[in-house]
Ligand SMILES: N[C@@H]1[C@@H](O)[C@H](O)[C@@H](COP(=O)(O)O)O[C@@H]1O
């Protein structure tokens, strides 16, 4: 696990966008695993800027998002489909028929989860997976106690996750109780993973993920078992790490090291 500690969120997001651009330059047909949430917004802004500057193209790439709320159709303003169109897809050259998310309004959500897992396998699995981190250690919507070998399936969201995401909905009761999410096993098959976390609110769970035991109580801790992970943090998110000397401090004048 490579841990990069940036002075600011801006340089951290830039670093992640840089890793994407590098990977796409080497392998334009990369299968990307994409994430939602507030943390990703700056990353997508930086990716769009690189695309507009002619430095990066997604024309040959494909993408699979981690998750979607059960019950929300793709045009629902709180759906992750909507988020992705607004924050990224509408602004870059990724082909619409190459961008995939689970269908939240599928009549049979379980069958949809199985279909989505099979589609990822058919695509040859994820090449580069982008992850955020839930305050309770979830990745995708794999809440604590998720099987560490799980595949794409339906998960019940914890109250704390629904509360954290309530800011996107009119009322707390509008936040769906279920989601279709890539499993932890699905994520672990990715060739390369980049996880990004910002802010003091994530500091405790970042320390558990990197320095704690591998445990379903903190699903992100399974990344300790992945062969190619980069964790990109700002100073606040890194503030509870004990083994500081092991990690790389990234200063603005230093180019982020390649993984
Ligand atoms: N399903 C998403 C996760 O994929 C994301 O990592 C998490 C953190 O979001 P934020 O970046 O807003 O803290 O939120 C949601 O629960």
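Yeah, the Cβs are placed from backbone N, Cα and C, and that goes for glycine too.
Because TrEMBL annotations are produced automatically, they should be read as predictions rather than curated entries.
These come from TrEMBL:
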- 11-229: domain 'Glucosamine/galactosamine-6-phosphate isomerase' (DOMAIN)
- 67: active site, proton acceptor (ACT_SITE)
- 136: active site, for ring-opening step (ACT_SITE)
- 138: active site, proton acceptor (ACT_SITE)
- 143: active site, for ring-opening step (ACT_SITE)
- 146: site 'Part of the allosteric site' (SITE)
- 153: site 'Part of the allosteric site' (SITE)
- 155: site 'Part of the allosteric site' (SITE)
- 156: site 'Part of the allosteric site' (SITE)
Can you name the residues of this chain that are 6 or more positions from residue 143 (active site, for ring-opening step) yet have a C-beta less than 8 Å from its C-beta?
134, 136, 155, 156, 157, 158, 161, 219
Rounded to the nearest Å - Cα separation of residue 67 (active site, proton acceptor) and residue 146 (site 'Part of the allosteric site'):
15
Using CB under 6 Å from any atom of ligand 1, narrow the recorded positions 136, 143, 146, 155 to the ones that qualify.
none
How would DSSP class residue 138 (active site, proton acceptor) in three states?
coil
Sequence-distant neighbours of residue 146 (site 'Part of the allosteric site') in its chain (C-beta under 8 A, six or more apart):
138, 155, 183, 184, 216, 219
In the structure shown, which of the recorded positions 67, 136, 138, 155, 156 has the fewest other Cβ atoms within 10 Å?
156
Which three-state DSSP class does residue 146 (site 'Part of the allosteric site') fall into?
coil
Provide the number of Cβ atoms within 10 Å of the Cβ of residue 153 (site 'Part of the allosteric site'), excluding the reference atom itself.
21
